[in-house]
Amino acid sequence: MVRFGKKLTADQVPEWRGYYINYKLMKKKVKQYGQQLQQGEKDRRRVLKDFSKMLDDQIETIVLFLLEQQGRLASRIEKLGKQRAILAEQPDISAIAELREAYREVGLDLIKLLKFVDLNATGIRKILKKFDKRFSYRFTDYYVSSRSNHPYSQLQQVFKHVGVGAVVGALSRNLADLQERQGSYLSIYDQPASALKDPIIDMINSSVDKLTRSTNFLRFLGQHALIAQEESPSTAGEEEIEDQKYHFVSLMLNLVNTFLYMVNTYIIVPTADDYSVSLGAASTVCGVVIGSMAVAQVFSSVYFSAWSNKSYFKPLVFSSIVLFLGNVCYAMAYDTKSLTVLIVGRLLCGLGSARAVNRRYISDCVPARIRMQASAGFVSASALGMACGPALAGLLQWRFKIYMVTFSQSTLPGWLMAVAWLVYLVWLCISFKEPNRATEADDTQHNRASGQSVDIGQVENGLAQPLLGDSESKQNEDDDDDEEDDSEESPQDSRKPATSIGSAYRLLTPSVKVQLLIYFMLKYAMEILLSESSVITNHYFNWNTSSVAIFLAILGLTVLPINAVVGTYISNMFEDSC
């Protein structure tokens, strides 16, 4: 793998050599700063100030040269436009051919300019990453936010400037008018869907599409890219792809699945102690009965996550069937007088947990503009199910027999959930729409094909990758551009599926580990409270099943106001960053 420093030197346009980012100098400075900090020669604040100023100077050089080149391209197009106007009055086939070649030369120079921006933007990305890594400091967040929000920032002028877009538009229109449209009163603005046949335009459009791709590293750059802003064709295309994958009823089915599963989890809590006693076990065994479902969910989340890579519909069908069988076993344990059947039923319910699929569907198939609301809906459905489960248990205070099957406050939750999952399965089979997973792949292949339609020397080399893209090859270069980075884990490896618990743990960042620990402690405390609530309240307060059910229902409902605020207010303040 060629290191970026060497690639930058090799791919530079010779006459532009003095206007590229001085990546070698920046790397050397980062190393010097590290040594100065260790030796106490400079404090962190001074280092940040010096590095910011140096990077600002580098970006200013890039910006001023970019503006100069844009002006030259615009002047050339203006002169060619005057020639085109003369030829429109006095057509000359040979002169038109020469004019078309002149426009193509401008196009080739434009592609070189796009490549110039590509290399410099990649250099900025890499040097910021290198600085963050060496000093364990999120300097990138500060630098990007401060520069992008300042009205006089050179960085903002680059990534929000539309000058290159104007050049692309003028070049595309004039070349199109010189082709088969001669003599027609229509332009590319009248027929935007018509395909442009000139290979230069295909290459430029491909480069423009790549230019507007966002990255995980500098997310905002994709939203404030050189050519296209929020109304760019690229963004519109991505939104169209998302809309094609999105199906409201399918989203509702996922949310209903979440709701039913949480109801299924907590509907037995108020009566689990009585059920355990009726089968000859101690009342505290209810903790095992309730907790066995969560234990099985640990394993189900693994295979459901893997399964969701291929399908959403089949895992949901399988989940419904397993949950139906699990609830039937739970309900039949009373008549079979078997604690084993009771626990097996709960284990089956845990193995049918498709919450990983529900989350994945929201993440992959819901458009970004409503994804936060959908996520809030997912949590609200969970909280509502947590509240409705005990509430339903408090209502199921009957006891009767049909043939040899007993229906009581202990078994009715199992039978009710079995019927609910059966109805849900029918609705799922009728209404669920499997997302078209080929949509993104087809779009990617289309862009790749359009970018490779014609090979015109080394000018187009490097433009097959996103300008600021997070492609695997570019990510590999992050670890290969300096000897100092040999110990860093390859970002390409970090994107591969984890094959063991150890490899999965190594993929976690410190912040993710902290969040998981907080989540674990929260769930741990909550499960202890819920699992033993009926035993504790009966022992200390002599509460009956209905009282316990009301208490747990109120406890679950307290989550809903918070999620309502997140879904309706906060989701309108912050855009989702998928």
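The count begins at 1 with the first shown residue.
Using N, Cα and C of the backbone, Cβ positions are placed for all residues, glycine too.
Not measured: the values here are computed from a predicted model.
Check TrEMBL against the ranges 339-357, 510-528 and you find transmembrane segment recorded for 339-357. Across the candidate stretches 281-304, 378-400, 412-430, the maximum count of CB pairs under 8 A to the transmembrane segment (339-357) is reached by 281-304.
Broken down with DSSP, the domain 'SPX' (2-145) shows 127 helix, 0 strand, 17 coil. Same-chain neighbours of the transmembrane segment (378-400): 254-256, 258-271, 358-359, 362, 406-409, 412-413, 416, 545-546, 548-557, 559-560, 563-564, 566-567, counting only residues six or more beyond its ends whose CB sits under 8 Å from a CB of the stretch.
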